[in-house]
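Novice: Straight from TrEMBL, here's the annotation block:
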- 6-27: transmembrane segment (TRANSMEM)
- 48-68: transmembrane segment (TRANSMEM)
- 74-96: transmembrane segment (TRANSMEM)
- 108-128: transmembrane segment (TRANSMEM)
- 134-154: transmembrane segment (TRANSMEM)
- 166-188: transmembrane segment (TRANSMEM)
- 194-215: transmembrane segment (TRANSMEM)
Amino acid sequence: MGHVHVIRILHTTFGIFGNVFGILLFLAPMITFKRIIMKRSTEKFSGVPYLMSLFNCLFSAWYGLPFVSPNNTLLTVLASIGGALEAIYVLIFLIFAPKKEKFKISGILFLVLSIFSIVALVSVLKLHGDKRKLLCGLAFAITCIMMFGAPLTVMRQVIKSKSVEYMPFFLSLSIFNSSTSWAIYGLLGKDLFIIVPNSIGSLLACVQLILYAIYRDSKKKLDVEMEGSIETGLEKPQIEMQKNMETYTL
């Protein structure tokens with residue numbers, strides 16, 4: 001009994017850690033969206049990761065409900081907060097995105113809400129017990145993997161451009177901390193639907209941090225090249241403008 005009690009305490013503790021790191025994860029894009037609002041442009045930022053996060057939040061909140069998955073209320077708490085923030089991010093993105101991108105994001109958003117509504121209704125009206133948990137758990141796990149996989153396009157852009165400008169460090173760090181905490185939470189609760197996607201998320205976030213470490217150093221080389229270009233006739237105002245653009249990676 002003592003062993004079981006300790007496991008329960010650890011389970012709750014890592015759930016709380018997951019909530020803290022998760023909230024930090026959902027708050028991390030605020031820096032990006034402050035930039036978008038100030039520039040009144042989404043630039044090269046992708047809205048897909050935020051849509052995938054919203055998609056995941058919907059299913060996470062649903063999966064954590066007591067009538068679907070017992071003892072996962074902490075998951076619902078985090079997902080509810082995250083869902084509200086992600087909805088705001090998507091709205092801001094829709095406001096400042098180019099027309100073509102607005103149509104794309106609107107279409108994906110409609111698809112996301114439709115799929116969630118269908119799964120939620122089927123799970124309530126047609127399924128019970130383990131079958132309900134299985135359907136909602138699979139939906140939750142799949143959307144988790146999609147959310148963690150969404151930055152793969154950004155990672156490809158980082159490798160191609162050798163720049164981390166569009167892959168914020170604190171976002172990657174928050175993903176690593178949050179997914180690792182939830183993976184341990186799932187392990188303690190013996191819930192494969194939580195363990196598997198968050199383990200994948202932790203691995204992908206680790207790769208992002210490695211990429212950041214590699215290409216963050218390349219910025220220093222660029223600074224040296226820019227300083228040296230003074231001798232080749234590059235005007236100082238132009239150099240200063242390039243440096244100002246680079247400060248966004250800090």
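Placement of Cβ uses the backbone N, Cα and C atoms for every residue, glycine included.
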Novice: Counting a contact as 3 or more Cβ pairs under 8 Å, with residues at least 6 apart in sequence, do the transmembrane segment (74-96) and the transmembrane segment (6-27) touch?
Specialist: yes
Novice: Let me spell it out: take the transmembrane segment (6-27), skip the flanking residues so only those 6+ beyond its ends count, and list any with a Cβ under 8 Å from a Cβ in it.
Specialist: 53, 71, 74-75, 77-78, 81-82, 85-86, 171, 174-175, 177-178, 181-182, 184-185, 188-189
